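Positions annotated as FAD binding site by TrEMBL: Tyr264, Ser277, Ser278, Lys279, Phe280, Ser281, Asp415, Tyr416, Asp417. What TrEMBL lists as domain 'Photolyase/cryptochrome alpha/beta' is 4-152. If you look up TrEMBL, you'll see 490-530 marked as region 'Disordered'. Annotated site 'Electron transfer via tryptophanyl radical' per TrEMBL: Trp349, Trp402, Trp425, in sequence order.
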Amino acid sequence: MASTKVVVFFRNDLRVADNYCLNLASKEAAKAKERGDTVEVLPVYCFDPRNFGETEFGSPKTGAYRTRFLLECVADLRHSLQSLGSDLCVSTEAPEALIPRLLQSDGDKRRHIVTCQTEVTSEEMAADEAVERSARGAGGGAEFSMQRVWGATLYHPEDMVHSIEQLPEVFTKWRTQTEAKNVPIRAPQPAPAKGALPLPAKDANAAFWQGCSAPLPTLQDLGFAEGETGEGDPKGVLPFRGGEIAAMARLNHYTLESDALATYFDTRNGMLGADYSSKFSPWLAAGCVSARAVHAACKRYEAERVANKSTYWMTFELMWRDYFKFYVAKHGARLFYPDGVHPREGHKWQKDFSALAAWKEGRTGSPLVDANMREIAATGFMSNRGRQNAASYLVHDLGLDWRLGADHFESLLLDYDVASNWGNWHALAGLQGGRLNRFNIPKQAHQYDPDGAYVRHWCPELARVPRQHVHAPHAMPRALQAEVGCRVGPGGDYPAPQRTLPFSASEVGQRHGDLGGGKRRGGRGGRRRG
Ligand SMILES: Cc1cc2nc3c(=O)[nH]c(=O)nc-3n(C[C@H](O)[C@H](O)[C@H](O)COP(=O)(O)OP(=O)(O)OC[C@H]3O[C@@H](n4cnc5c(N)ncnc54)[C@H](O)[C@@H]3O)c2cc1C
């Protein structure tokens, strides 16, 4: 009798519903059974040591908040797989070390399949190439195939107007083409049926069973200090919990339970509270929910409640997420320019580490930037409005290397996604062509935090600063500073503003006109007010 083994190598697709690799495995298992083969489906998750070291700029590659969230996602996935009659083998080894051991077996006629979600970024691609090399050699003559399945986006590349190689360089062009041609969004698929993912016999495949009975690592096993829990400050927008069940609860909350989706267009530039935006991003990034499942929930909401600009806008935002994935897939790697020199502009980015430290710690003297930087440091989350401003400040006001900012976000963000993070930073740094998106921070602060409620939330030293000074406390007379308990400057309660680069003549129009208004993105055609 022949034997088939299918390894499902999970990474950023930590769910059972609408999981293309699990569906592939269940189909392969059904075919093998039909042929009369013995068949094993071996779901695997590795806390890959490469993800728990340091980045090349010296930040923890995966900070404590995201690690805690990830541990919850993996625990939830294991539980869901068990309820389908399957299990999850967990390891702290690199996948290319573990997976070959799962494939070792006796007998002559063997088929080995390793399936994983297609990745488009360098480190992830290198990891699955290493798995492919080691797994191919492991079976001692077994027939081997590595099956990468596209699953991370709303649109499938095969359905698009153009191939990824021909992706328009500008988001708006891609979006309008996609909408004009009515490119279909595939329907989400259900989880495999109970029993569709057969496990090995209990006395076979010891390496697999060992990984299934292994408890999940703790934060300390993954290198975090004693006492580090990865829990964010309760002042954060939401107590994010990892896993598919929590993702579904949030999806239901934002749509049918609270009707927040119906006003999303008007609230999406907020910074305080749970429902100004969907907060789907951490679950999307870990793959606890697919973009297609979010889209399907929005369509259901439209059918049952209301269809308006807000309900459309959620799909619009998911298209941004898609676009960055496709853009990175087209251009490759992390869009790094190794010496910091952009080939088009010959611009040399600065590396002023004391200014960088002040930005990271939220003591730049610009309250909007500081409040946002303190929020991300305390919780692992920051609103889109905050990210746009904090990034613009680092790049255009301080003139620092954009990669230092992207690296810091990579370390801290709960929703870190390689393409969305590096793609947004790259765009904000003005490296995707077209107009430079420099934000006028004081103007943004007055527009999006008119009463200073947000900056006071994260900068308690501004608590008693009057509304008219809250975004520029340094401009308060000394007597008023003393009266409200906020002395500005060295040795005081709040820092004086850092020295920032002047706006150039060509930016003045943007500063006072263009950039004060709607939510914008980098790149030509980035205007966003509908
Ligand atoms: C410098 C910078 C770095 C960023 N890094 C990341 C990141 O690592 N991971 C990440 O998911 N998003 C990133 N974003 C995009 C955006 O800020 C977040 O997706 C959003 O704030 C998450 O909150 P939400 O789920 O409530 O968003 P909502 O406003 O509710 O949007 C719904 C979904 O649309 C997608 N989306 C919205 N805006 C964008 C965008 N600009 N780019 C890509 N997708 C978008 C996200 O999947 C989001 O969950 C970054 C933006 C900037 C400016």
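Glycine is no exception: its Cβ is also placed from the backbone N, Cα and C atoms.
TrEMBL feature annotations superimposed on the structure.
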residue : record                                            : DSSP (3 states)
Tyr264  : FAD binding site                                  : helix
Ser278  : FAD binding site                                  : coil
Trp402  : site 'Electron transfer via tryptophanyl radical' : helix
Asp415  : FAD binding site                                  : coil
Trp425  : site 'Electron transfer via tryptophanyl radical' : helix
Alpha-carbon distance [Asp417 (FAD binding site); Trp425 (site 'Electron transfer via tryptophanyl radical')] in Å: 12
FAD binding residues Tyr264, Ser277, Ser278, Lys279, Phe280, Ser281, Asp415, Tyr416, Asp417: largest Cα-Cα distance, in Å and rounded to whole number: 22
In sequence order, those binding-site residues of Tyr264, Ser278, Asp417 whose CB lies under 6 Å from ligand 1: Ser278, Asp417
Tyr264 (FAD binding site), number of other Cβ atoms within 10 Å: 22
In the chain carrying Asp417 (FAD binding site), residues 6 or more apart in sequence that have Cβ under 8 angstroms from it: Asn12, Ser281, Leu284, Ala285, Arg321
Spatial separation of Trp402 (site 'Electron transfer via tryptophanyl radical') from Tyr264 (FAD binding site) - C-alpha basis, Å: 30
Length of the line joining the Cα atoms of Asp415 (FAD binding site) and Trp402 (site 'Electron transfer via tryptophanyl radical'), in Å: 19
Rounded inter-Cα distance in Å - Ser278 (FAD binding site), Trp402 (site 'Electron transfer via tryptophanyl radical'): 27
